[in-house]
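Enquirer: Got a structure for you, questions after.
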């Protein structure tokens, strides 16, 4: 029955029935009857003139059927049994069944039978038409190849052996290998003399190619397609996430015309067979059949000849979304790259191109692009929102309430739900609150029967409550309001879905966290047995999965199955969501549970990449179990000794084990927080630290927790109250902004390491300690400088982070910045008073590290700020010794030693000028030989700008008050630049002395002191506008402590 198929709309018998007896077609539709249609191959040319059409129309009666002319017919299994009224009691096979609809949407069934009911021949098999130049099944291929397939098997066995050795080769390697196997088998086939003669005919040659390709690919399909699936794993997961979010899509949403929707169910069934095809040729034939089904006319009255490419694309888009094929990208790659028997410039190639266009259209986000939040929910593709919230413009109070909830109109929602004032008015008009007189009864009943009353328990035609609508539309601000009005967080709709189900299905993490906070149950199963976690995994919403799992790991049931027996891990593995899988496995999801098909999550893995992730966690779990097993007691030990030992140490062992479990639990909670910080998940951080909106708004008014200043310890004045409130607040989870992991990393450390510039201010304003050290004695500023995160460094320095602290290796933040070549950070640190000649445990200064790492602009910047080239490291090498000969860095370093003394030498001498006019001129002569780097030019412009007045040593120490501010425009116009210093009351001779020096002054070290009134030392400090410095966040490394910057090359 399933082996034969034909287009009944082109069947001569059915066409004749429609043309000659349209009345019968209308009648059978009205009574929802059955039409018997003989297959095309069994019909003779005289069938229209001799056939009695009434005998082919069946009307159901008790326990059997009757034709319109009163004959009895029985349907037994896959056969038609003819009864009373027929001249010959035949048994006619049923080939297949289809359901048709007329223009009034009345349905009737058509049974395609092997031959007409009047047929007398002994043979009952249909003469099914077939394409003589097409092979559809592997059985057809084996029959065509005959004994040649045995020769192919030896080549294929060899391919299997070599593939295992070259499994990690490139895709092109495997394409070539498979093509070589195909070519070799085809060559063997053409060695047959008979087939060689047939190959001269193009049609026969194409048939041979198809046969070889189908056979070869069928035998190596598991190897090749598994590899392709691994290569396309990330693309498949991304595409699946888009299509899963579009399950509410309707045909009208993408412009599918009604006349094209009749064949969509058949096309969908055919497309679902794609993954059962084991060769590119078979997959293409499947796609072609889908296109053919789409373009078939549902009746003679509907002409589909004018179907354009856009109409076909709309239907294909709908099929791609609604057909559950989780590896579209792998299928496309497989078909395009491993089809060897034909070029793409044929009918099959056109079908493939059409599907590619539809898939690319979905990948671009054209169907899933969401408008900004300000545009409301009307343009979003939600769970039928457009149907009743915006498209149904009714005056129903419930519809009005739901519309305001969907659009986030909190004021109107609160007005509609505020019944307290009305109730108070009603009570005041009553004789007394418990009165049941006639007047009071009328008053109360009138209120109860008021159709305009809406409550948090009102429902629409889907069983949705206001909380359902707020959840499905992502209106987190309305969740608090609805719950405060009495909304039930665990209310279910007609499909058994709670608001938490819908929030997880749509991926709204903030709504999910709020519902969990209000005690929404994460274990409620809908009509399909799915929990909210199942839906979050189905649609790939990793944030919602984390919210559900992290809320309460102890009570979250990760291993509960739905009606198919699938756990959340089954679903995530089937759709290839690696992040979701890792979250589930990290929190104890089992990889050994079987669903109703006896499949474990490992067996459901979409590709080998997902499988390897789960296997790795499975092996690590087994190792942890083995390591946690206690050793067996020695049999030689006496019972008395064991009893005595247990009696004396039972309490201590129990308390120790409980403390150990408590510590492990605490560290698990801390790790969750640190992972959320590393991911930049602000909503999860807020939830774990229990920050409210009020906390964020009041963050500007908070003071540092490291050194709070109160009027007295218990003061609650307006100045001290915010800090007292923050310090007194301890989250129920025990987590705070200064908690640390086992390696000493705090949330601020992790945020600094990963460049989370948006989290740094919030953590600091909530009391994070910028001076906290991890196991390597590194502060957050060390990590930010090591990774080159400018905005993070700037925020930490603005929060008074100390720029000269050293870690375990003796490195300062400046040394890390110089080693990494981050010249913007170097300038920023120097501006905030970083010690320029501080050395690490190897004796290397910042200049050493910059020279070793060959960062010419950093070297130049350090020299301009007075870095000493005379400092020796522990190998007795200066920065000059570390530089390469005849390099640009050596050229920079050679200018300074001839005229710049070290800091100690300057202090011992008669405070001579730090840089002479001669060296300034010598240096400026080489200025334009350097690369044209904007930041470097900036410092040249600064040092050649204006005349400066001298300062006393006290004024030098307050150098942050005398910083010139250069605008970005002035940096690009050196002729117009102006540097403004705050003028101090200095003696006239000092001012004239400084004026005579002009541009010949060189920047001074900040540590110099004044020893005589006759000599003044001037320090120039320069501030760079933030807009000049690159502020883009860099990709952070893994969550780990910083490693010591290598300086071994010195």
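Here the Cβ of each residue, glycine as well, is placed from N, Cα and C on the backbone.
Take a look at what Swiss-Prot says about it:
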{"type": "DOMAIN", "residues": "233-371", "note": "domain 'VPS9'"}
{"type": "REPEAT", "residues": "396-426", "note": "repeat 'ANK 1'"}
{"type": "REGION", "residues": "396-460", "note": "region 'Sufficient for interaction with VPS29'"}
{"type": "REGION", "residues": "451-730", "note": "region 'Interaction with RAB32'"}
{"type": "REPEAT", "residues": "462-491", "note": "repeat 'ANK 2'"}
{"type": "REPEAT", "residues": "495-524", "note": "repeat 'ANK 3'"}
{"type": "REPEAT", "residues": "528-560", "note": "repeat 'ANK 4'"}
{"type": "REPEAT", "residues": "564-593", "note": "repeat 'ANK 5'"}
{"type": "REPEAT", "residues": "597-627", "note": "repeat 'ANK 6'"}
{"type": "REGION", "residues": "625-665", "note": "region 'Disordered'"}
{"type": "COMPBIAS", "residues": "628-637", "note": "compositional bias 'Polar residues'"}
{"type": "REPEAT", "residues": "668-698", "note": "repeat 'ANK 7'"}
{"type": "REGION", "residues": "692-746", "note": "region 'Sufficient for interaction with VPS29'"}
{"type": "REPEAT", "residues": "743-772", "note": "repeat 'ANK 8'"}
{"type": "REPEAT", "residues": "776-805", "note": "repeat 'ANK 9'"}
{"type": "REPEAT", "residues": "809-838", "note": "repeat 'ANK 10'"}
{"type": "REPEAT", "residues": "842-871", "note": "repeat 'ANK 11'"}
{"type": "REGION", "residues": "987-1050", "note": "region 'Disordered'"}
{"type": "COMPBIAS", "residues": "994-1004", "note": "compositional bias 'Basic and acidic residues'"}
{"type": "COMPBIAS", "residues": "1040-1050", "note": "compositional bias 'Polar residues'"}
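Each of these features: where is it, how hidden is it, and who are its neighbours?
Expert: Assigned with DSSP, the residues of the domain 'VPS9' (233-371) fall into helix, strand and coil as follows: 87 helix, 0 strand, 52 coil.
Mean pLDDT across the repeat 'ANK 2' (462-491) comes to 91 in this model.
For the repeat 'ANK 3' (495-524), the residues of the chain that approach it from at least six positions outside its boundaries are 245, 382-383, 462-463, 465, 467-468, 470-472, 474-476, 479-480, 483, 489, 530-533, 535-536, 538-539, 541, 543-544, 546-548, 551, 555-557, 560, 681, 683-684, 687, judged by C-beta separation under 8 angstroms.
Below 8 angstroms of C-beta separation, residues 233, 236-237, 240-241, 244, 326-327, 529, 531, 533-534, 536-538, 540, 542, 545-546, 549, 553, 556, 558, 599-602, 604-607, 609-610, 613-615, 617-618 of the same chain, each at least six residues beyond the ends of the repeat 'ANK 5' (564-593), sit close to that stretch.
Sequence-remote contacts of a segment are chain residues at least 6 beyond its ends whose Cβ falls under 8 Å from one of its Cβ atoms, and for the repeat 'ANK 6' (597-627) they are 226-227, 229-230, 232-233, 236-237, 326-327, 330, 564-567, 569-570, 572-576, 578, 581-582, 585-586, 589, 591.
Residue counts for the repeat 'ANK 8' (743-772) under DSSP, split into helix (H, G, I), strand (E, B) and coil, are 14 helix, 0 strand, 16 coil.
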Enquirer: Helix, strand, coil residue numbers for the repeat 'ANK 6' (597-627) per DSSP?
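Expert: Here the numbers are 20 helix, 0 strand, 11 coil.
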